[in-house]
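Quick look at what TrEMBL lists:
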TRANSMEM  17-37  transmembrane segment
TRANSMEM  49-81  transmembrane segment
TRANSMEM  93-114  transmembrane segment
TRANSMEM  135-154  transmembrane segment
TRANSMEM  174-200  transmembrane segment
TRANSMEM  221-243  transmembrane segment
TRANSMEM  249-269  transmembrane segment
Amino acid sequence: MILNIFEMFSLPFFQKALIVGISISICAALLGVSMVLKKNSMIGDGLSHVGYGAAAIASALNFAPLAFAMPIVVIASIFILKLTEKSKIHGDAAIAIIASSSLAIGYTVIHTAGTNIDIESYLYGSINFITTEELIISVSLCLIVILAFILLYNKIFALTFDETFFKSTGSKSSIYSVIIAILCSLTVVVGMKILGALLISSLIIFPTISARQVFKTYKSVIIASVIISVLCCMVGVIMNFYIDFPAGSTIVIVNLIVLLIFIAIGKILKR
């Protein structure tokens, strides 16, 4: 068994899957902390539906799904921000409107295209078929997200916990909100290849919720979230290749188990 695991790590397609999985896990965990603490965690779910709809349209038109979906999801994320800021529509309602509309449009295009289009990989994930292009995009995105958090750490911290004070200092919160939204939308689109549109939002939510059960400071929650996210992804990918479990759903189940464990640990520490 140990020998087989070591052999598995030497396989090129497994290495690609693991690198992409870890890269997206880091992105999702870093962005998830800010989004969960600001109670915007469901935006990931909404954007994943937009991504699925865009991928469906791209497939029907014989376009590259990833390249086609990226700008559309970015625009959708900015539109959701502006819609909640300048209208009477609340954030969750705006997300629901955009998400359901995107799914409806995507399905309608597929249905009327009259061709046999298989975009199931974008619905449930398909980590076994990672291309070199997707590998490069994932690693590049990971580096960009890490760099953004290093350079904008204080800004993101202030924006997350006290946006009113942040604005009073003369800083334009909308700029940084848009940056986070864009990075989140790109993470969602690329992450659909791993977990699929139905599950990618869990990669944003679970690690932060788990970390908050035990860790209390902002920095410790960020570090713990990244570690949890990466480890859960690694377990899911390994189980996918070794036991033939579906990678996406396995990663979510492992995250759920970790959350339950951390909830128990948190209650013990409070005694």
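In case you wondered, yes, glycine gets a Cβ from its N, Cα and C as well.
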Any contact between the transmembrane segment (49-81) and the transmembrane segment (174-200), i.e. 3 or more CB pairs below 8 Å with pairs at least 6 residues apart? yes
Are the transmembrane segment (135-154) and the transmembrane segment (17-37) close enough to be called in contact, which here means at least 3 C-beta pairs under 8 A that are separated by 6 or more residues? yes
Tertiary contacts of the transmembrane segment (17-37), as residues 6+ beyond its ends and Cβ separation under 8 Å: 9, 43-44, 127-128, 130, 134-135, 138-139, 141-142, 145-146, 149, 156, 159-161, 180, 183-184, 187, 190-191, 193-194, 200, 203-205, 207-209, 211-212, 218, 221-222, 225-226, 228-230, 232-234, 236-237, 240-241, 247, 251
Folded-back contacts onto the transmembrane segment (249-269), same chain, C-beta under 8 angstroms, at least six residues removed: 21, 124, 194-195, 199, 202-203, 206-207, 209-211, 213-214, 228-229, 231-233, 235-237, 239-240
In the same chain, which residue numbers or ranges, 6 or more beyond the ends of the transmembrane segment (174-200), come under 8 angstroms Cβ to Cβ? 20-21, 24, 27-28, 31, 34-35, 43-44, 47-49, 51-52, 55, 66, 69-70, 73-74, 76-78, 80-81, 85, 121-127, 130, 134, 137-138, 141, 144-145, 148, 152, 155-156, 159, 233, 247-249, 251-252
